[in-house]
């Protein structure tokens, strides 16, 4: 394991002993289910891209992507203790052009909409909800990647209308086995601008998906 990942893992386990960041605490599982899983989207990331990770939690997939490539990374999460942890990891690893921000996606969209080349999310939300949070942030021509598990097809079927309304088009489903775990990355290209009324406020993307 690369030194940066060892530092990241050790600090994750240290902080997780008193602050709930992850349910995964076995080092080999952290390597597989956090680090390797994060890097399954690496081929879609180009050097110099502006990348946004929404609902980044303990920094996955965003921080591993920044370790591997020279990108400009922003991570957002609504839980302050997670944001604090991510900024501490960024500092410990000496990562430049990376920052974690305590905010909600619907608020962040007011400042940063349509400015990112790639948006990634491994957040626990259905695909329709995630699409409303993520697609407004992308430039036209940009890519949104949702890192999903075995229910991806069902989620996608229920999200096709939302993706279309928000200006996206599904271009690929990457399926793979990660040490016995079925993983599916849903790749969406933004083909037209998103109407300014999205994402909706008052938690509507979650309460009442498009």
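Keep in mind that glycine also has a Cβ here, set from the backbone N, Cα and C atoms.
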TrEMBL annotation, S-adenosyl-L-methionine site containing 55, 60, 105, 106 - matching residue among 66, 99, 113, 122: 122
Max CA-CA distance, Å, over listed S-adenosyl-L-methionine-binding residues 55, 60, 105, 106, 122: 20
Residue among binding-site residues 55, 60, 106, 122 with least C-beta crowding, 10 angstrom cut-off: 106
Protein Cβ atoms within 10 Å of residue 105 (S-adenosyl-L-methionine binding site), excluding its own: 26
Helix, strand or coil at residue 122 (S-adenosyl-L-methionine binding site) [DSSP, three-state]: coil
DSSP three-state assignment for residue 60 (S-adenosyl-L-methionine binding site): coil
